[in-house]
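Swiss-Prot has this to say about the protein:
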- Cys159-Cys185: disulfide bond (DISULFID)
- Cys238-Cys269: disulfide bond (DISULFID)
- Asn138: N-linked glycosylation site (CARBOHYD)
- Asn172: N-linked glycosylation site (CARBOHYD)
- Asn205: N-linked glycosylation site (CARBOHYD)
- 444-464: intramembrane segment (INTRAMEM)
- 52-62: region 'Interaction with phosphoinositides' (REGION)
- 104-118: region 'Extracellular/lumenal pore loop' (REGION)
- 456-459: motif 'Selectivity filter' (MOTIF)
- Arg305: site 'Interaction with phosphoinositides' (SITE)
- 1-62: topological domain 'Cytoplasmic' (TOPO_DOM)
- 84-283: topological domain 'Extracellular' (TOPO_DOM)
- 305-341: topological domain 'Cytoplasmic' (TOPO_DOM)
- 363-371: topological domain 'Extracellular' (TOPO_DOM)
- 393-414: topological domain 'Cytoplasmic' (TOPO_DOM)
- 436-443: topological domain 'Extracellular' (TOPO_DOM)
- 465-475: topological domain 'Extracellular' (TOPO_DOM)
- 498-553: topological domain 'Cytoplasmic' (TOPO_DOM)
- 63-83: transmembrane segment (TRANSMEM)
- 284-304: transmembrane segment (TRANSMEM)
- 342-362: transmembrane segment (TRANSMEM)
- 372-392: transmembrane segment (TRANSMEM)
- 415-435: transmembrane segment (TRANSMEM)
- 476-497: transmembrane segment (TRANSMEM)
Amino acid sequence: MADPEVVVSSCSSHEEENRCNFNQQTSPSEELLLEDQMRRKLKFFFMNPCEKFWARGRKPWKLAIQILKIAMVTIQLVLFGLSNQMVVAFKEENTIAFKHLFLKGYMDRMDDTYAVYTQSDVYDQLIFAVNQYLQLYNVSVGNHAYENKGTKQSAMAICQHFYKRGNIYPGNDTFDIDPEIETECFFVEPDEPFHIGTPAENKLNLTLDFHRLLTVELQFKLKAINLQTVRHQELPDCYDFTLTITFDNKAHSGRIKISLDNDISIRECKDWHVSGSIQKNTHYMMIFDAFVILTCLVSLILCIRSVIRGLQLQQEFVNFFLLHYKKEVSVSDQMEFVNGWYIMIIISDILTIIGSILKMEIQAKSLTSYDVCSILLGTSTMLVWLGVIRYLGFFAKYNLLILTLQAALPNVIRFCCCAAMIYLGYCFCGWIVLGPYHDKFRSLNMVSECLFSLINGDDMFATFAKMQQKSYLVWLFSRIYLYSFISLFIYMILSLFIALITDTYETIKQYQQDGFPETELRTFISECKDLPNSGKYRLEDDPPVSLFCCCKK
């Protein structure tokens, strides 16, 4: 007799044969045989890799690929991280160097307090920054240079933004102002002579009307080459620094804040030559990345094949149940055929392949998108490590975490949705009421971060202590606000959240001792008592031949 497995497969695949099979009268023995075959097929599908090896001698290729992949992807990420670390360090050190170079009297950690308060100090700062720019080659200890535009070097743009008209008389409490903003700019060429005198003698041909002035911006470009990568057997990158020094007088409070912003872009060096073995090492790294791509491609194909087989078996089982039991399979039972771990591995493989391609482009200096590559490789590595948990879950002593998370997730999501409503209410209230009086409540983002820190018990005293006492009513409100938030979230909501997880954990432990509730699918499978090493599962591997040939006759 031919393998009955194919009967079910054939009937589930072709609607015409399904109708034929449904109408055909089969003997009770044949029906029992079909049920037995379906149970055995389902039981084999839900076996772990070791049991499948005992049942049919099938090698656990996906497990071997995942173990190999986790080692290779982790090594790749570490190597890329070390390279990216040099890029980040070079950016940060250059930004600090530029602040010391172009901001007069700048000291570290002065970004929030660096400001001037007199007109002469404003002109001093402007003249100092321009002079440092013109004397760059004489004052800078780095390999910085002006940007070349053809035969000329890029100029520094000095722009002031101010109200079109403004007559302000604070003594009389009167003003006349046109809020339209105008801009005036002029340029300073690096090769032009520049005479430095006193602020009264030389004001850069720039006259500032501080009553109307909003901002003054000095913008210029510099270039540099990151040579430290050579010591790590990597080709250097070329950097473009777009520097903007801003004198902010928008508040007109008598305090002009000064800041330096550094917009950095990495470019491929146009003409380079490095002696030694750097080129060879670069080729080795690209070969390694190519092998990672090949490994992930194999993993991707195997997992996609497994997902497709699961969906095919799902449809086959649904048709079988409808044909023999006149019942529809529940959605929860159907979802058991969709392996979420495989889907996660597929996503990680796709991210790794794309990230590895970008990494190879970066190493070849034809691409400089470090941030995108970091996100792709970092996310993929995280998912690869999480995917290994699936194989640990096949052991009863290791799958408690997985089962608890799966069981608790729906209730946790519902609970978090309710808690989020309360949390957002406190965020909006704290921002609008406490924002003018507390540094940690100046923006919605800062409010959310501050409240989340309070939930974790961090920085509580500082949050209370930094509240200004200029308004007694607001100060009293802040105490009620903070005490109620801490009491509500730490003692009630957080405790209920932990209790929700704990209750699920205890339930899972009890299930492990007394047995899990049987679904309709699991009950159907449990009637198959054949052990993996019984040899009966090997019969399912025969080529497919339909038993119901008479349907087509």
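Counting begins at 1 with the first residue displayed.
Here the Cβ of each residue, glycine as well, is placed from N, Cα and C on the backbone.
It should be emphasised that the depicted structure is a prediction, and the values quoted were computed from it without experimental measurement.
Cα to Cα, Asn138 (N-linked glycosylation site) and Cys269 (disulfide bond) are separated by 24 Å. Here the transmembrane segment (372-392) sits apart from the transmembrane segment (284-304); fewer than 3 CB pairs are under 8 Å, leaving out pairs fewer than 6 apart in sequence. For the transmembrane segment (342-362), the residues of the chain that approach it from at least six positions outside its boundaries are 66, 69, 73, 76, 80, 286, 289-290, 292-293, 296-297, 299-300, 303-304, 306-307, 310, 368-370, 372-373, 376-377, 379-381, 383-384, 386-387, judged by C-beta separation under 8 angstroms. Sequence-distant neighbours of Cys185 (disulfide bond): residues of the same chain at least 6 apart with a C-beta under 8 Å from its C-beta are Ala157, Ile158, Cys159, Gln160. Straight-line distance linking the Cα atoms of Cys269 (disulfide bond) and Asn172 (N-linked glycosylation site), rounded to a whole number, equals 61 Å. A gap of 44 Å separates the Cα atoms of Cys238 (disulfide bond) and Arg305 (site 'Interaction with phosphoinositides').
Within the chain, the topological domain 'Extracellular' (363-371) has long-range Cβ neighbours (under 8 A, six or more residues past its boundaries) at 84, 87, 234-235, 237, 265-269, 282, 285-286, 289. Tertiary proximity for the topological domain 'Extracellular' (465-475) is limited to same-chain residues at least six positions away from its ends with a CB under 8 Å from its CB atoms, namely 433-434, 437-440.
The two recorded residues, Arg305 (site 'Interaction with phosphoinositides') and Asn172 (N-linked glycosylation site), show a Cα separation of 82 Å. Away from its own ends, the topological domain 'Extracellular' (436-443) comes close to residues 430, 450, 463, 466-468, 470-471, 474-475, 478 of its chain (Cβ-Cβ under 8 Å, at least six residues beyond either end). When Cβ-Cβ distances below 8 Å are used as the criterion, the topological domain 'Cytoplasmic' (393-414) is approached by residues 48-50, 497, 500-501, 504-505, 507-509, 511-512 of the same chain, each at least six residues removed from its ends. The predicted model assigns the topological domain 'Cytoplasmic' (1-62) a mean pLDDT of 61. Broken down with DSSP, the topological domain 'Extracellular' (436-443) shows 5 helix, 0 strand, 3 coil. Residue counts for the motif 'Selectivity filter' (456-459) by DSSP state, with H, G and I taken as helix and E and B as strand, are 0 helix, 0 strand, 4 coil.
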